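Taken from TrEMBL, the feature transmembrane segment applies to 61-81, 160-191, 203-223, 279-298, 326-343, 363-384, 396-417, 423-442. Positions annotated as domain 'DUF1736' by TrEMBL: 308-371. According to TrEMBL, the repeat 'TPR' annotation covers 488-521.
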Amino acid sequence: MPHAATLEELSSHIAAIQKVPGQLLEDAAPEVDLAGLRCIAQQLLELSRERRLAAKVSVSWPRAAVAVLLALGALITWIPALSYNFNGGFFMDDAMIKKNPNVYEELNWLRLFRTDYWGLDMFQGEWTHKSFRPLTVLSFRWNHALAGFEGSGFHVVNVLLNWVCSVLMGVLGFALGLPADFALLLGALFLAHPVHTESVLYIVGRADLLCLLLILVAALLYTPCVKELQPGFLLLPLSAVLMVAAGLCKETGFCFFGLLAGWEILGGLLTSWRRGRVLRILAMLLLGSLACGLRVWYTGTAIENMDPHSNPIAVHVDRGVRLRSYALLHGIYMKLLVFPNFLSYDYSFDAIPLVLDASDCRLLLPLVAYQGFFMLLALSLSVLHPHKQASEAPIVGMAILLLSFVPMSNILFPVGTMIGERLLYIPSAGLLLTVVSLVFSWKRRNSGAALLCIAGALGIWRCAVRVPEWKDSESITTADGLTQLNSARVQFNLANVYLQAKQYDLALDTYQRSINIDPTDHDALPLYHAGQILFFKGQHQEAARYLEKAVNGFFSPLTIQEEEIWHDYALSLWFVQKPQASIAHFQKALSINPTFTKASQLGNPTNIAMNNMACAAGLGAITGILPREYYQHAINALDQAVRLDPANVLYWRNAVALMSGGGDESRAAATWQQLVAMDPQGAANPPKDCSWEFYFR
């Protein structure tokens, strides 16, 4: 190979040749040693490759050691989550997992492909989120098949998936040209990002984990095609299958056909446009369009009966308010990615007030976010070079960020939440890949890497604080309930914790705070529970007022059944001397669900509606405030309750009490004898009054 001095001479000669006019070169061609020049050029090319390879494997071992320490520190912060389980209660996971028949019942493929992530019918139900994620649901099913809902299996799988994604992030960075120390740093930063806590510890966030994992595997498999090392006959269809699988874990995955096609186009711009590359681009665009088209055709994108509390922007009538408010959300998402100091599991009404006026100073946040995005995009484009190491990594990261953020941004269609930290799992991968790659391309990379290490250490500290808060339902509800004071839903959930602890006064105050956040009294649940507490405290008039608002409010069938609210409203009406309205609303509850039961304090299902309606009708008829025919309605209701639950002593005693009060002594005596034979110890003295049933939900 030529020596350095010789290479300097050659460089000067090459520069001189480049200045010679083209016509003169053609005239001198017969007299020039073309073979010698070709040999020298080949030697220079080989030397250049050797030096690029040497530069690629050149690693700063101190930086690598710090990256390893960061990765170990981040790993340790997640270890407590390996012991978390559902024994402390499901944290809003019950609707998606515990109540989803696709998880615990016999596998029904037709039902699996007709229902959304929540187990609700996407084509005939009253409410559906249109989140069609059958592969994620199947993963929950496999978890349940191994250990039921007991143990730590669900949490262990999520933590392991997060670790695997962190490793794959480092591998992808290395495949894109980052040296090993920067690739390690990339994986460590991803593992240490605090915004991932919701995706990992809120079990339904598994959709994002699986989606990103499959996207990364597909990208790594497809890398040889982009580098023109493989024609793609096998890798292209395999990568396409993985992208479809990612889309069946979460809809965002279908968008990443665009990543592979765009990467190929970038390869063509930087190197060459060969026939194989053009064919692969066309194939990937065709497959991606087909997959996205079929997904939209199958379920659509509109959310049926969207809860306006989950995304109040989507239902606002003023387009300007919607645009400004969505822009603010983009700024908040940027802040969560860059500076995740404040974290919360919920940002629904009214945690983020709508931007009603263009003079709102909060709009500075999205302006900074958009400026930051375009600066990163410009920097990513500026470092692109066909022979520069890792030059394509920043723009690939920007593509990941853009493709994952646009579907959740409310730009194309409204989504079912204001802010969801779990939605940032995939965008954070793109942002980190871009930033780490740009720091590597920076002349002062040591200073940049030091800043990234400091950021990683801060992320580890924030994770160490946040992960224990997700230990169980009570801990996360309390932690966020004490900080997210303007979210009606967060305050409602905190009130539920107080209610379960039988701190009724504190629960009532917190339900009231949730109600006050929404002056329209739209959400039925805080009104319902506040009404229950007031009824329990004997404040029947106030209870009836709250429960009347509750029956006219909005509620999701995932959280409560309509008949429960109607039943408790009917019960309150009896105690405010409105017997006929009470009976009518008991009948309303039973017409909605003829087999309506409610769990007692011991957890046993009771036929509460039939029993209480019988008490209301029977006592009303006996005391004369209702027509006499209501007496027989009461006896029939108790007879049906006993048939459904023959071992329930309360229903037998109530039947005896009503028969005695109604003058039907012979039937009362016969019924009493049956009760004594069934339960000699429990049948001490014949009852004189009907016993009502009331249970907190």
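Cβ coordinates come from backbone N, Cα and C, glycine included.
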Apart from its near flanks, which chain residues at least 6 from the ends of the transmembrane segment (61-81) lie with a Cβ under 8 angstroms of it?
155, 158-159, 162-163, 166, 180-182, 184-185, 187-189, 191-192, 200-201, 446, 449, 453, 456-457, 459-460, 463-464, 467-468, 470-471
Sequence gap of 6 or more, Cβ distance under 8 Å, 3 or more pairs: do the transmembrane segment (396-417) and the transmembrane segment (326-343) meet that?
yes
Stretch-averaged pLDDT - the repeat 'TPR' (488-521):
93
Same-chain residues at least 6 beyond the ends of the transmembrane segment (363-384) whose Cβ lies under 8 Å from its Cβ atoms:
266, 270, 324, 327-328, 330-335, 338, 355, 391-392, 394-395, 397-398, 434-435, 438, 441
Where, among 160-191, 203-223, 423-442, do we find the most CB pairs under 8 A to the transmembrane segment (326-343)?
423-442
DSSP residue counts for the domain 'DUF1736' (308-371), split into helix, strand and coil:
31 helix, 0 strand, 33 coil
